[in-house]
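Participant: First the structure, then my questions, so here it is.
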C-alpha cells in the first residue's frame, strides 16, 4: 500500500471548478417546482414507466440474481445481529443493472436493497456508527460531543449504544461549544465570533447533523485522506463486496454518509481524492432525491457554495452561484436521476471522476416501514424500544446517502 502523493492513479485537480452545464442542471433541479418535477420527461425515475427515449438511453447491462442479494443481505444481518434471529425478509427479486449508453460506467441498480435490509442498514449507520467516536461528524470542530458510553459487551448488537437512547432535550446530554482557538492580539484584529449556543439532542440529530465519515477519514478543508487507518465497518464492507462481486471488485475503505432534511442539497463536486480507481457505490435510504451528473470533463465555471437551503422553488443558496449560470439543464451534457430508497448508483470508468450533485431532496417520500424509524430497529431490547419510541418518525423527514469507495490501490 503506497500512501505517497505520487501514488495517485489519476490526475484530476481537486480544486477545479465545475463546468457550466452541470451547474445549470444543479440550479434547475434546485429551483424547479415540485409539480414540474413530477412531469419532467428528462428525469429518470424507476417509480414510473420509462419512456421510449429513456429505454434507448438506459440499457440493461446485467442482472444481480435474487440468490446473490439474499445471501449478501442475510450474511449482513447475521454479522450485525449475531445473537438474534434473522428478521423475516420479503421475497427477493433479481435486480437489473442499467447503464447509460453515452457515459460508460454510469450505472443504477434500482431497488437492490429490500426494505428489511434498508432498516438494518439505517440502524447500523445511525445507532452504531454515529455513536462511535472513531468516525468523524461535522460538528466535532465546534462542539464537544457527548458520545454514549461503550457497552460492556463488545459483541452486543448496535442498539446498545446510540444517541437515540437519549431524551430529545435534557441538560445532562448537551453539545457544548468549544472555546475559540484564536484570540485577537492587537486592536486591529477582528473580534472573535460570538459563542455558539449549546445544542440538545433534538437540535443535533434533527437539524445540525450533516455528515458522518466511516473508515478512512476524509479531511474536507484539504480534500484529502490522512494516513491514519480507521477501520471501515466490516459487515457493511462485506455486504457491498458481495452484492457486486464478480462484476465489480469493490473493497470499501471509506464511506461518506450525508444526512439530508427536506430542504437540503449538495452542490456540484466530484470525488477525485482517492488513490484507487475502483468503482464507487452510492446507496440511498429514506426520502427520494434528484441526482445530477455530467460528463467527466475538466472545470470551467463558478463553483457552488451552498449545502443547505430551500430546495422547493426558492433556491436560497443557489443564488450565490455565478450569475452567468442559467438555471436550465442540458440533457445532452448532463443526466438527472430521481433516486429512491434502496437504489444504488455505481460510478466506474469515465463516470468515476464525473462532476455530480444532489440539488434536491423530495420531502415526504420515505417508504412507510422506514419512515417510522428508529421504531422498528432490529435487535432492540425493551428499554431501547421505549427510548426509540420518543424519536418515532425521524427517518420520515430524512434522506441518507452513503458512498462507499476504496481509497488506496
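Here the Cβ of each residue, glycine as well, is placed from N, Cα and C on the backbone.
Because TrEMBL annotations are produced automatically, they should be read as predictions rather than curated entries.
TrEMBL lists 146-196, 301-332 with the feature region 'Disordered'. Annotation comment: TrEMBL describes 162-173 as compositional bias 'Polar residues'. Summarising the annotation, TrEMBL assigns compositional bias 'Low complexity' to 177-188. Taken from TrEMBL, the feature domain 'Fe2OG dioxygenase' applies to 251-394. Residues annotated as Fe cation binding site in TrEMBL: 269, 271, 356.
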Participant: DSSP helix, strand and coil counts for the compositional bias 'Polar residues' (162-173)?
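Facilitator: The composition, in the requested order, is 3 helix, 0 strand, 9 coil.
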Participant: In sequence order, what residues of the same chain, 6+ apart, have a Cβ less than 8 Å from the Cβ of residue 356 (Fe cation binding site)?
Facilitator: 22, 268, 269, 270, 291, 292, 293, 294, 347
Participant: Is it possible to get the count of other C-beta atoms within 10 angstroms of the C-beta of residue 269 (Fe cation binding site)?
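Facilitator: That number is 16.
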Participant: Sort residue 269 (Fe cation binding site) into helix, strand or coil using the DSSP assignment.
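Facilitator: DSSP assigns residue 269 (Fe cation binding site) to strand.
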Participant: In the predicted model, what is the mean pLDDT computed over the domain 'Fe2OG dioxygenase' (251-394)?
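Facilitator: That stretch averages a pLDDT of 79.
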